[in-house]
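Structure first, then comments.
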């Protein structure tokens, strides 16, 4: 019998080639944790037959791979200088400088780098010739929107942070949807709702008058046509892929073109390296505690490091701590310092009891995946929002690095280790996170394929961006109702006054026509006596 298998294979290959797309990704110019996610996506896209290009500055370190290619440009940073810049920001924050000031300084560097990209004529012309099918924007660095507009290519947002911006257009009732950086939950009292409203208004003003205008000035400088505002570009995104999850995020209204894909880096634990396996095997029934503040935070202040070392040294558990810098003087004998560690594999080990973290999103999703309780000390950015949700969900405790004491840290660690409710909640959230159609990577690739297949998937976009502020909040209807009420009031007032005048006029006439209850036959007063008899008039001679 003739086999048709080769023909089916050939047909399938042809279909795959037909659907293959060229995708360009514009990652932020710093924060290597974001690149971990994008490299994972690039590998998955490669398996689907797509070709991915990273737009990176010269000198930025990235391992070569057959899964993606690189388009370099002369930017303001290379890997060494960007890391040094980020560590300087951390030192400034630890020394007491306002976090907001440091974040705005980062924004200034984002826009300076964006100016270099947009003004690089050779770079832009080369990218235009590539005829990309899709551009992925990380909204942490909003230059991606400008590049997409410049290239005239469809684009989608992939947010690597815990961020659900109001600019998406989804309803956000402030009574139960906490604003980013508010440190609130979906259960708010009166004062908290007032705070949430204030943070929302400040955020919208900051975005409208401080953030977006910086990029608009770049577009005006290089006369980008057709003229569009940054709001138009943000609203023009085909899809919003957000790194959050139903296990972590508070329930809230959303839109069809918004999908949750948090947990891109989650995976089962692999066997530990031999030296670490021996160390873990040496842990008694108390197990071990993992400590890591992420790849982006290489140096803690001496004060914080000493507090951590003191609290960790009092635990009966063994401690493995990802740490760089001078060794704390009060380091306990139970604590092992190491500059790099396989975090996911340690989190998945059966002997782990707790995780002490800064609340970075990638770390928290790995923690949720493996069902491990957390003590979080957020430092900046979305760390606070992430740990607020972890604490509200019952799988961890949030501590403030500026005020926490060694005793408070020790007590928090003991609590999450010895109170079984924290591990039970962590394991339940792990079940919820995993009980979804496919791994987050597969869901992300599906949606990228979807918007490519449907040429931007405009049918998913709500009309919210085509209506004005007055229409959205029904202010025009309120105006019509108020105007109608005012007209009705004046009409009723006029009718009432008219009727009143008529009644008053009739009453006045009747009053003048009657004296002591007797009618005067229509003759004016004075022609009759008061007793009702006729009064004779004297003739005038």
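A Cβ is built for glycine as well, from the same backbone N, Cα and C atoms used for every other residue.
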Swiss-Prot annotation of transmembrane segment - which of the ranges 451-471, 472-492, 493-513 it falls on: 472-492
Least Cβ-crowded entry, counting other Cβ within 10 Å, from the glycosylation sites listed as 78, 333, 442: 333
Spatial separation of residue 78 (N-linked glycosylation site) from residue 442 (N-linked glycosylation site) - C-alpha basis, Å: 32
Rounded distance in angstrom between the Cα atoms of residue 333 (N-linked glycosylation site) and residue 78 (N-linked glycosylation site): 39
